[in-house]
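> This structure is in structure tokens; I'll ask about it shortly.
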Amino acid sequence: MQFVYMFSEGNAAMRDVLGGKGANLAEMTQLGFPVPQGFTVSTAACNDYYKENKVISKSIQKEIFEKLARLEAVSNKQFGGTHNPLLVSVRSGARASMPGMMDTVLNLGLTDDVVEVMAQDDARTAFDSYRRLIQMYADVVKEIDKKYFDQELEFVLKETGIDSDHDLDLDALKGLVRRYKVIYEYHANEPFPQDPRVQLMEAIEAVFRSWNNPRAIYYRKMHDIPESWGTAVNIQEMVFGNKGEGCATGVAFSRNPASGEKMLYGEFLFNAQGEDVVAGTHTPLTIDQLEKTMPEAYQEFYDLSQKLEHHYRDMQDMEFTIEKGKLFMLQTRNGKRTAQAAVQIAYDMVEEGIITKQEAINQLDTQILEGLLHPQFDEKALSVADMIAKGLPASPGAASGAIVFDATTALKYFEKGTPCILVRLETSPEDIEGMHVSSGILTSRGGMTSHAAVVARGMGKSCIVGCSEVAVKENKTAIIKGKTYREGDLISIDGSTGFVYEGRIGTQPGLLSDEFKTLLTWADELATVKVYTNADTPKDAAKALEYGARGIGLIRTEHMFFEKNRIRAMREMILSQTTVQREKALEKLLPIQRQDFVDIFSVMKELPVTIRYLDPPLHEFMPTTTQEIEELASIMSMGVSDIKTVIRSLHEYNPMMGHRGCRLAISYPEIAMMQTRAIIEAALEVKKTEGYDVQPEIMIPLVGDVKEFNFLAMRIRELADKIINEHELSLNYRVGTMIELPRACVMADQIAKSVDFISFGTNDLTQMSFGFSRDDAGEFLRDYDRLGIITKDPFASLDTEGVGQLIELAYHKARSIKPDIKIGVCGEHGGDPRSIEFFKKLGFNYVSCSPFRVPIARICVAQTK
């Protein structure tokens, strides 16, 4: 088995083997682009490293050195040689882009002897590169804190009166090398290695180890990247952007990753190395300034960026270095982008004829798209807000919260449910968890391609970078315009404009752009699954229609009874001792419930409306405080003790598995009959007065046996038909069930014989299958996640291995009896992209989700990736 590949041996299709970076370097090599040559140690080698207890096998080492010899021959340089020495970079590259999460070492191969050889040609570059190597190697390979080296650099800058390390002279750089070596030896308990081959193997091992560093693990969980993928390692001949005049290094996107605008968008630094740009430690220049200073290199880079975009059929994120006027491409990948940019880019690329509509839909990251519906600052509140600073608008969105100065504090605020803004000098990969839980990110350093900017865009977080007016101090304070801000002080940031405001600013719902509406129309044309909504009010239904819902998949009728003027009638019904008393109480609820349905049917017109009958146990409707009990006793002319007795009698040790759902309707059929009358009369009224052919779908919950369904369905249909005949109208109604119990899944073929449709209630099905309550499981699920037992919350994303198998069994059993039976899902999983993929593959007719998740679900059901 081959573990190591020259760039010339690979291509873009080998992403699983070479990782994203290695595959794209190989592809650019095949295309004849100016790529410094090198080789890739495969992802399989990484997995072998972990399999062999973190040891790189002798056979893989042999392959590495064979490829190194080929690189020496191709470059006409010698690794560790005293004539024309070869230096290399060692960079990670997983299958999926994980910006900043794993490690990189540049200038590898420099030693005390080699630096002197290089110094004969260019002394400043040689010693600048050597001090960079010592610091990066110490950090990545030996895990020595960078701060020791940064403190030394700050001391030298102050001592020499120079602002930037780019301007240090040769003597200062030589002095830094000496000091860095002392720091290294003190913390590593050994001198800096003088054998380049030792450097190389230790650096490769360090990159393999970084696959399982805490930030990489967190990022993988966040983006659902399997641990089994491993990372590749790319060893590439160094080219130098720090050789003085005619040298630069930068990062650029073929389109604006924040807005999607068609323009070359990026940043660069003169006389620097690539890490200086992405680390955010220096505020770089915009790419248009490169056109003015190095027009030939700029034009070549622009032309290559357009070729790459057309070749990969997506916006590209590229790294480049210019050495003495010659351009080199160091990386290309599909660029991370904001939700707004994703929409604009997909739309524009179809309009430009670069991609098809299906490719445009597939290109959209649904996790990021959710940011489109995030609130924006209220215009009126914004007009009177106190703007205190302005930085670079790196990632759009409105965010307000308490200031925090480190990731650990951000996590504490998140656990308390308090929104926060992470304020940093610059972010580093170690901040990943804090960034994830913060509402927004503000840095005083860095540019639009810095770590903070790239990661925030990938997370859909509001972010401002390079805000130099914010002076972040070591004592966890920030000074803005002379005023000191401390942890907990409230600020607001607008990632679309770069403005920072004092205090909290009110928000308003986000609006869908015309381009996104067009993409949604394309998605509907391509989709085979419809998207319904869960809505309990006309307002919810109208909002879902605005977002393109094709029906209502779940109305929870119990939610209609909790308003003050209704709950009393509901409690009267529960406290009734006889059927007659109960029916009298239900007569008060009937007109209220009927009007609810009239209002919803009027909004939904001729789209299907699925109404779940009363589901929760009755104790949920009863008062809990002494004052409420006394008020109810007075209204009902009952003793307080009598009401307390009824409440105690309704108590169940496990109410979620108790007297609820269809069991309640079987015990008290008059409840189901009242709801049937309300639905049918409302539908007939809307048909008669507004002319709509209303489509009510009555859903009986928690059925575990077909006899339960038949008992209720017979009575429902009998009453419904009687009312319809009395009105001398026709009405197309259906009666179906929710499958929420494992037994119902097993009995789905029998149930299918009696029902008109099936909807899976995956919330209850999940808790019934696992045997734990979704209300209480959060506490121990955190432990399960930490221990790797259950790594995804099964209530957020469907457990396809267990619960999914029950659903698949039920689906096939039902369709074996009725091939055309309507099947959908109405649990929270109906809006989760990963779960939707499962339902889509099975062949569901619809998914139903909350109104604000409808647009994303419409994209999900149309994707074929």
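Placed from the backbone N, Cα and C atoms, the Cβ positions cover glycine too.
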> Out of R550, R556, R677, R834, which does TrEMBL tie to the same substrate site as R612, E740, G761, T762, N763, D764?
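That substrate site, as TrEMBL gives it, pairs R612, E740, G761, T762, N763, D764 with R556.
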> Which range wins on Cβ pairs under 8 Å with the domain 'Pyruvate phosphate dikinase AMP/ATP-binding' (55-286): 298-352, 419-498, 514-864?
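Maximum Cβ contact count belongs to 298-352.
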> Going by C-alpha positions, which of the recorded positions (E740, D764, C826) is nearest H451 (active site, tele-phosphohistidine intermediate)?
C826
> Using DSSP, what's the helix, strand and coil tally for the domain 'PEP-utilising enzyme mobile' (419-498)?
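Breakdown, helix to coil: 18 helix, 29 strand, 33 coil.
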> Ranked by the number of other Cβ atoms within 10 Å of their own Cβ, which of the binding-site residues E740, D764 ranks first?
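The largest 10 Å Cβ neighbour count belongs to E740.
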> Between the domain 'PEP-utilising enzyme mobile' (419-498) and the domain 'Pyruvate phosphate dikinase AMP/ATP-binding' (298-352), are there at least three Cβ pairs closer than 8 Å, leaving out pairs fewer than 6 positions apart?
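Stretch pair touches.
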> Quick check on the domain 'Pyruvate phosphate dikinase AMP/ATP-binding' (298-352): DSSP residue counts for helix, strand, coil, in that order please.
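Its residues divide into 28 helix, 17 strand, 10 coil.
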> Calculate the distance in Å between the alpha carbons (Cα) of E740 (Mg(2+) binding site) and C826 (active site, proton donor), and round it to a whole number.
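For E740 (Mg(2+) binding site) versus C826 (active site, proton donor), the Cα atoms are 11 Å apart.
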> Tell me the Cα distance separating C826 (active site, proton donor) from D764 (Mg(2+) binding site), rounded to the nearest angstrom.
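On Cα coordinates alone, these residues lie 11 Å apart.
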> Does C826 (active site, proton donor) have same-chain partners at least 6 apart in sequence with Cβ under 8 Å from its own Cβ, and which are they?
Y532, N534, G553, L554, T610, M738, S759, F760, G761, S848
